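Worksheet for the structure shown next.
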């Protein structure tokens, strides 16, 4: 966890700048790539050495932890370099190559760890496996990437200045965004206790996993939007609309599914003891983890559409315009949590999360429309709502079933109803496939 905070600084926002610049340029992609991976190498060496040195200075950490930080820092260095190739594959719409490299690297780590545990090796030996596994991941990516670029360290002052200028707002956004995302748990741990943190932690972890969905989708659409925007392609508006429609199709059933299945989901993930454990009673209701999940589901819903607007601003090279709003919202978030958590504990944390998430959605929507002339239509909403309600009724009736079976059943019902009322049909699927090929 300690090293992962430093990893944000090591990346320095280079990833999205790389994807954007390669997507909009057909001529000097190799030069852009090699300059950025050179910068990442320098930043990685400096940042992870500092990470290790400062780790040794933290008195609360044991010698084992300090050495572990140093070893894991070395493994994160290779992950940082590998992310440059992930950006290359993403810009080429060939993420399967990144997946193959990742799976092989993780498999090597798993096999190595299991073997070393079997022969009773020390913790340090196990941690060293991560270095070799991540190095393998990088080398496989290097092999796949040689189809597009010839790797070499290079220096172009003009490119370095431009990349650093474009990356700085992104690293600020990443750091402040991380603070915004984690600060409620930190304040909760200071002002309350481990029980309150544990109750809030279960729905928070579900939120953390589910919001990966829009990020993964927009990561794949990002190169297409970049190409259309910078080439002034008229298909940009259609691509934005299709992205909005797709996330609507996913976000609404996710919202309803989390609300309807909140109790069995918490039971499945954390155990029955979390179903009724509560330290807060409000309006006659005990707010246990499942009820907090129903509140955070609204924040998850908002995050789906927020992802579109934040990515569009980066596409337009307006990432710096997001810095002041995220600072203001994070400060408000901290103030509200400090005021409300002493009285309302994790319920306050959840409500503040929803409030600030909704404000961000409205603000980012305004920013996007300020710099880009486009108009979204909401024609798909009635059909999606209808299919979602049918799915919700089926989920409600199947709450006593195994939660995984209930989820699969809900997905089948949702897509069957959606196909029947033509939320998605052969024409829509062909357009999505064509959009990907054109990108």
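Glycine is no exception: its Cβ is also placed from the backbone N, Cα and C atoms.
Tertiary neighbourhood of the transmembrane segment (6-22): same-chain residues 29, 32-33, 36, 39-40, 43-44, 47-48, 50-51, 73, 76-77, 79-80, 83-84, 86-88, 90-91, 163-164, 166-171, 173-175, 178, 222-223, 226, 314-315, 317, 319, selected by CB-CB distance under 8 Å and a gap of 6+ residues from either end. Residues or ranges marked as transmembrane segment by TrEMBL: 6-22 (among others).
The transmembrane segment feature in TrEMBL is assigned to 42-61 (among others).
Positions annotated as transmembrane segment by TrEMBL: 67-86 (among others).
Beyond its flanks by at least six residues, the transmembrane segment (98-117) meets 82, 85-86, 89-90, 125-126, 129-130, 132-134, 136-138, 140-141, 144 of its own chain at Cβ-Cβ distances under 8 Å. The transmembrane segment annotation in TrEMBL covers 98-117 (among others).
Summarising the annotation, TrEMBL assigns transmembrane segment to 123-146 (among others).
Residues annotated as transmembrane segment in TrEMBL: 167-191 (among others). Residues 5, 8-9, 11-14, 16-17, 197, 200-201, 204, 208, 314, 319-320, 322-323, 326-327, 329-330, 333-334, 337-338, 341-342, 345-346, 349, 352-353, 356 of the same chain lie 6+ residues outside the transmembrane segment (167-191) yet bring a C-beta within less than 8 angstroms of a C-beta in it.
What TrEMBL lists as transmembrane segment is 206-225 (among others).
Same-chain residues lying 6 or more positions outside the transmembrane segment (246-266) and placing a CB less than 8 Å from one of its CB atoms are 202-203, 206, 210, 213-214, 217, 274-275, 288-291, 293-294, 297-298, 300-301, 304-305, 307-308, 380-381, 384-385, 387-389, 391-392, 395-396, 399, 403, 406-407, 410-411, 414, 418, 423-424, 432. Among the features that TrEMBL reports, transmembrane segment is placed at 246-266 (among others).
Under the heading transmembrane segment, TrEMBL lists 323-340 (among others).
Under the heading transmembrane segment, TrEMBL lists 346-364 (among others).
Residues or ranges marked as transmembrane segment in TrEMBL: 376-397 (among others).
What TrEMBL lists as transmembrane segment is 403-421 (among others).
If you count C-beta pairs under 8 angstroms between the transmembrane segment (67-86) and each of 42-61, 123-146, 323-340, 346-364, the highest count goes to 123-146. If you look at the transmembrane segment (123-146), the same-chain residues 6 or more away from its ends with a CB under 8 A from one of its CBs are 64, 67-68, 71-72, 74-76, 78-79, 81-82, 85-86, 88-89, 97-98, 100-102, 104-106, 108-109, 112-113, 116-117.
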